[in-house]
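Colleague: Shown below is the structure under consideration.
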Amino acid sequence: MFAHRSFSLLCRRSAVTSWRSQSHTAGKRLDISGIYPPIATPFTEPEDVDYQKLDDNIRKYGRLPFRGLVVQGSNGEYPYLTAEERVEVVKRVKQALPKDKLVMAGSGCESTRATIQMSQRMADAGADCVLVVTPCFYRGRMDSRALINHYSKVADSCSVPVVLYSVPANTGLDLPVDAVIQLSKHPNIVGLKDSGGDITRIALMVQKTRSQDFQVLAGSAGFLMAAYAVGAVGGVCALANVLGQQVCELAQLCVSGRWDEAKELQYRLIEPNTAVTRGFGVPALKLAMDWFGYHGGICRSPLQPLSKADLEALRGKFSSNGWL
């Protein structure tokens, strides 16, 4: 049986009594364990941000046992939003979300300077921590030295804790393990969201950072059980936008050591999860949200709606696993 950290609550914050030893104004140790949906951004037909529908979604998510929400992650279509829109969305989410839930705001930009500025704007907008994706346009030069320098400068400057974000499917770049190990020692870097799905890599990072106050989150519901088994403490899962209660249930089963039950539920989540992530992407996630009573709707161009064939394939992934 894998060694596993015990937690007292399903997806909610555990009591935090220690202080992180650091010189930064962020100061306080932040426990990020639990489940987070990386929320979508609703748009009107002219492709303006629909803040009323956003508020409706947040109020529904607020009733589920999430640890918090990730705002302006990949599923929020942040590359297609202006800087002002990104910040305003975070403000609206913070206002609508229950106070006991975290707002983890995506603040990554291509330059270190812009990332520092956006991170502070997100903190000022109410974010409890920032999620910083790897800069990737010049990915051939983004070696460990460059990335350690980038994240260290961001964390040095930010007034809230920083969470590293590795999403190679979108960036073409895996945050190197040696860089993660080095960055885990920074007093204002509290964890990592890893969306690559390499469980050996996740296990190695958990093992190598155990002496630090550092937490690893799975970046997908598709490998959530496996990530928990090797020491991850939660997940940022696109599928939780649609099947939030079920993803939280899977987390609870893992935390409780009920691995046989967890395995059966994990099986039923794999195909729907793949469909709304690598299979058909954000347009599929938003369509599935519509099916399950949330506001998904259209994407901002150039993302296009699913074809009829893809729509039927998406429906099949949910129905064949008993969700529709």
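Cβ atoms are placed via backbone N, Cα and C, with glycine included.
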Colleague: Need one residue: from Ser107, Ser195, the one Swiss-Prot lists with Ser74, Asn75, Gly219 for substrate.
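Modeller: When Swiss-Prot describes the substrate site, the candidate it includes is Ser195.
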Colleague: So which other residues, same chain and not among Ser74, Asn75, Ser195, Gly219, have a Cβ within 8 Å of the centroid of the Cβ atoms at the substrate site?
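Modeller: Residues close to the substrate site, other than Ser74, Asn75, Ser195, Gly219: Pro38, Gly73, Tyr165, Val167, Ala169, Asn170, Lys193, Ser220, Val236, Ala238, Thr277.
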Colleague: Which entry in the list of binding-site residues, Asn75, Ser195, has its Cβ near the fewest other Cβ atoms, using 10 Å as the limit?
Modeller: Asn75
Colleague: Three-state secondary structure of Gly219 (substrate binding site) from DSSP?
Modeller: coil
